[in-house]
2 protein chains.
Amino acid sequence: MKLNILGCYSATPRTFTNPTSQVLELRNHLFLIDCGEGTQVQLRKNRVKFSRIKHIFISHLHGDHYFGLVGLISTFRLLKREADLHIYGPKGLKDVITLQMKLSDSWTNYNLYFHELTSKDSELIFEDDKVEVHTIPLQHRVYTNGFLFKEKEGERKLDMAAVLNADIDVAYYRKLKQGFDVENKKGIVIKNESVTLPPSPPKSYAFCSDTAYDEAKIPIIKDVDVLYHESTFLEKNENLCEPTKHSSAKQAATIAKKANVGTLILGHYSTRYDDINLFKEEAQTIFKNVELADDGKVFEF
Amino acid sequence: MKLNILGCYSATPRTFTNPTSQVLELRNHLFLIDCGEGTQVQLRKNRVKFSRIKHIFISHLHGDHYFGLVGLISTFRLLKREADLHIYGPKGLKDVITLQMKLSDSWTNYNLYFHELTSKDSELIFEDDKVEVHTIPLQHRVYTNGFLFKEKEGERKLDMAAVLNADIDVAYYRKLKQGFDVENKKGIVIKNESVTLPPSPPKSYAFCSDTAYDEAKIPIIKDVDVLYHESTFLEKNENLCEPTKHSSAKQAATIAKKANVGTLILGHYSTRYDDINLFKEEAQTIFKNVELADDGKVFEF
């Protein structure tokens with residue numbers, strides 16, 4: 001599981017900071033999460049292969065989370081993309097994008113699927129044989145979802161020394177990985193556990209931006225390996241959290257602690273602060289395992 | 001007259017090139033012309049003061065000419081702008097912008113005026129006591145206008161030695177600049193021409209992007225001091241001009257020559273070429289006074 005932060009500052013793009021966007025690599029998927037203005041250039045700078053992005057998740061329709069989407073869709077067209085593209089985001093997103101395509105008379109030559117979200121409850125929005133993606137309803141000034149990415153239980157691993165020793169035909173390896181007992185070349189039943197090892201524990205990542213402090217999401221993100229939680233403000237400006245429906249570093253840490261997550265990544269910093277290390281310091285008074293997102297940073301878990 | 005090129009490459013924004021946007025400084029106005037994705041960051045990098053921009057001109061609704069507009073409008077709001085903002089562009093632009101403001105529930109706290117264009121003939125769209133702006137209908141795949149910026153005739157200049165010698169009261173200086181004859185302190189009528197000099201010749205700038213080769217615009221841009229004309233292609237790809245409704249460097253130079261302009265600035269280069277100097281070389285076989293636009297370049301005239 002690899003997380004590439006393309007942008008993690010709130011509000012306006014500036015010379016050296018970018019609005020929210022990140023790429024999560026999970027079981028060969030490249031999931032793009034949010035898409036502020038300039039995301040396509042950030043993708044290039046971070047050498048992310050455009051064609052591998054097949055699913056884009058938009059948390060909400062504030063500009064710093066999606067103004068780069070229409071340009072990315074348009075660039076995919078100019079690059080003669082053929083693969084389908086799935087976009088998950090709040091109702092209204094399809095209208096905005098299609099209106100701009102209509103006015104420019106520039107329709108995509110690839111299939112574009114909008115999955116518009118309206119539910120206030122968590123729902124499963126993507127699933128294949130390797131991963132699941134669920135929404136995480138968040139409390140913000142407009143309709144907003146975070147996203148929970150979960151690996152499914154993987155296949156068992158072959159203990160090759162034991163497998164060879166048991167004299168099992170290679171044709172049965174697939175069944176072994178799937179957990180079945182098999183017969184060896186002499187017709188003797190071999191217990192699966194005797195020749196395989198358990199799969200790696202499935203990993204999970206929760207993206208929560210933007211949101212006020214809200215414990216309602218804790219059951220959904222409980223025990224995730226990694227939680228990205230916005231922390232727009234430091235404690236001295238905590239009075240701004242309620243009117244703007246944002247969180248402070250300490251509030252993010254409190255959620256991380258109560259949800260028993262592995263690692264907390266902070267981001268969505270207000271650009272009023274010169275030193276983002278203060279976010280980490282404040283959060284660590286409550287929850288120890290804190291990392292700071294920053295544009296261009298890559299986390300591997 | 002100062003022209004700051006923020007971006008001048010066609011199609012997709014890339015790590016080191018930006019889509020079309022430029023700032024024209026003319027008689028204390030800062031006119032923003034086109035606004036591709038990333039323009040607000042380019043404005044910052046080029047240290048253009050946001051608050052001085054009061055008029056934005058959008059040539060057409062292809063993304064590389066306006067996808068940065070909604071973000072700029074939104075940033076103006078976050079920066080607590082109070083001054084009015086006037087936007088001139090094709091019909092449809094208002095719908096795109098207001099739909100996005102509605103979905104984000106983020107209305108501007110300053111007055112935003114849309115001047116939507118639909119005419120296929122050149123029209124006067126802005127005028128004050130110093131400058132005029134006219135549309136230049138262009139031939140492209142969608143409805144497109146270039147823009148002609150013209151200084152008005154300025155005031156006459158005082159020939160101070162002659163003025164003092166003629167013993168004219170300072171109260172009459174204003175009338176002298178306006179071209180009137182005045183009486184001196186002894187009641188003698190002083191001929192205006194004897195104590196003033198003609199005003200500097202008014203300057204003019206024509207922006208023409210994007211457009212196929214089209215001589216219909218020549219009467220409108222005749223004799224301008226500076227013409228920015230798109231040159232998407234080199235001669236070897238001239239076959240692409242007609243289907244895409246773009247121009248080659250030679251075609252741009254032919255228009256410059258027939259319109260008898262002072263200086264031709266080329267831009268809107270296709271990103272397929274590594275060396276933009278080839279555009280200048282090809283154009284100069286037809287018209288001598290050619291300059292190359294490039295991101296961050298400033299021309300003073």
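Every residue, even glycine, has its Cβ placed from backbone N, Cα and C.
Automatic prediction, not curation, is the source of TrEMBL annotations.
Record features (TrEMBL):
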type	residues	note
ACT_SITE	B:ASP64	active site, proton acceptor
BINDING	B:HIS60, B:HIS62, B:HIS140, B:ASP210	Zn(2+) 1 binding site
BINDING	B:ASP64, B:HIS65, B:ASP210, B:HIS268	Zn(2+) 2 binding site
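What TrEMBL annotates, mapped onto the structure for a quick look.
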residue  : record                : DSSP class
B:HIS60  : Zn(2+) 1 binding site : coil
B:HIS65  : Zn(2+) 2 binding site : helix
B:HIS140 : Zn(2+) 1 binding site : coil
B:ASP210 : Zn(2+) 1 binding site : coil
B:HIS268 : Zn(2+) 2 binding site : coil
In sequence order, what residues of the same chain, 6+ apart, have a Cβ less than 8 Å from the Cβ of B:HIS62 (Zn(2+) 1 binding site)? B:ARG141, B:VAL142, B:ASP210
List of residues, in chain order, with Cβ under 8 A from that of B:HIS268 (Zn(2+) 2 binding site) and at least 6 apart: B:CYS8, B:TYR9, B:SER10, B:THR20, B:SER209, B:ASP210, B:GLU230, B:SER231, B:THR232, B:HIS246
Those binding-site residues in B:HIS62, B:HIS65, B:HIS140, B:ASP210, B:HIS268 passing the chain A Cβ proximity test, under 8 Å, are B:HIS62
Tell me, if you would, which residue among B:HIS60, B:HIS65, B:HIS140 (binding-site residues) has the fewest other CB atoms within 10 Å in the structure shown? B:HIS140
Rounded distance in angstrom between the Cα atoms of B:HIS140 (Zn(2+) 1 binding site) and B:ASP64 (active site, proton acceptor): 14
Cβ-centroid neighbours of Zn(2+) 2 site B:ASP64, B:HIS65, B:ASP210, B:HIS268, 8 Å, sequence order: B:SER10, B:ALA11, B:PRO19, B:THR20, B:ASP34, B:GLY36, B:SER59, B:HIS60, B:HIS62, B:SER209, B:GLU230
Cβ-centroid neighbours of Zn(2+) 1 site B:HIS60, B:HIS62, B:HIS140, B:ASP210, 8 Å, sequence order: B:SER59, B:LEU61, B:HIS65, B:LEU138, B:ARG141, B:VAL142, B:THR144, B:SER209, B:THR211, B:LYS245
